[in-house]
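Following: one structure in structure tokens, then a few remarks.
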Amino acid sequence: MPGYVLTYFPVRGRAEPIRLLLADQGISWKEDEVQIPDWFSGKDARKKEAVFGQLPQFQDGDYVLYQSNSILRYLGNKHGLTGANDEERGHIDMVNDGVEDLRQKYGRLIFFEYETGKDKYLKELPSQLDFFERILSKNANGSKFVVGQKISFADYNLLDILQCHLDLCSKSLSAYPLLTAYVERLVARPKISEYLKSDARNKRPITPKHKK
């Protein structure tokens, strides 16, 4: 197995779905932690080398990749987490894009609108969660994954953003039995469960705006 290096800030953020995938698949990786003040002040010289000036960065030997969803897809392709056929692959990409839409809305709330917009956000959240509940219902009556019989890279992304919303409001999934069971099922996977209990996971806040 090649040596993987994940470069990111000391938070969960956009790197967390990648970590969930690696942990669940039993793949070891090294964390290369970048201090947030050094990055945004330009003190950390790696910012000049970063494509789009953003993290996370993922390194697989000599190969370097940026953009969290591209990294997830790369790992999905490499480790058989992209579906069994073209139709499943297309559907997995669609779900992952839907997660990205929700993640961007969540990010705007946390970083820019939390004090004034949280109530409105939670009131409108069902309009987003309805989509994912419906997606689950169409695959084995919601008893499996977003697509097919095997976990995909999109599942790790969806799990993470759902956990973010449970942190935001513990009742955010209460009206969604399939999503609730889905989260419970995935966090019970032995290697995910082990990772979620680890010091490495729990020392990192969700974002810089969150307290540890």
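Placed from the backbone N, Cα and C atoms, the Cβ positions cover glycine too.
Feature annotation from Swiss-Prot assigns domain 'GST N-terminal' to 2-83.
The secondary structure of Lys47 (glutathione binding site), as reduced to three states from DSSP, is helical. The Cβ of Lys47 (glutathione binding site) lies under 8 Å from the Cβ of Trp39, Gly53, each of these being in the same chain and 6 or more residues away along the sequence. Annotation comment: Swiss-Prot describes Tyr8, Arg14, Trp39, Lys47, Gln54, Leu55, Gln67, Ser68 as glutathione binding site.
Feature annotation from Swiss-Prot assigns domain 'GST C-terminal' to 85-206.
Applying an 8 A CB threshold to same-chain residues 6+ apart, the list for Ser68 (glutathione binding site) reads Arg14, Ala15, Pro17, Ile18, Pro56. When pLDDT values are averaged over the domain 'GST N-terminal' (2-83), the model yields 95.
In the three-state DSSP scheme, Ser68 (glutathione binding site) falls into the helix class.
Neighbour counts were taken as the number of other C-beta atoms within 10 angstroms of each residue's C-beta; across the binding-site residues Tyr8, Trp39, the minimum falls on Trp39. Of all Cβ atoms in the shown protein chains, 23 besides its own fall within 10 Å of the Cβ of Arg14 (glutathione binding site).
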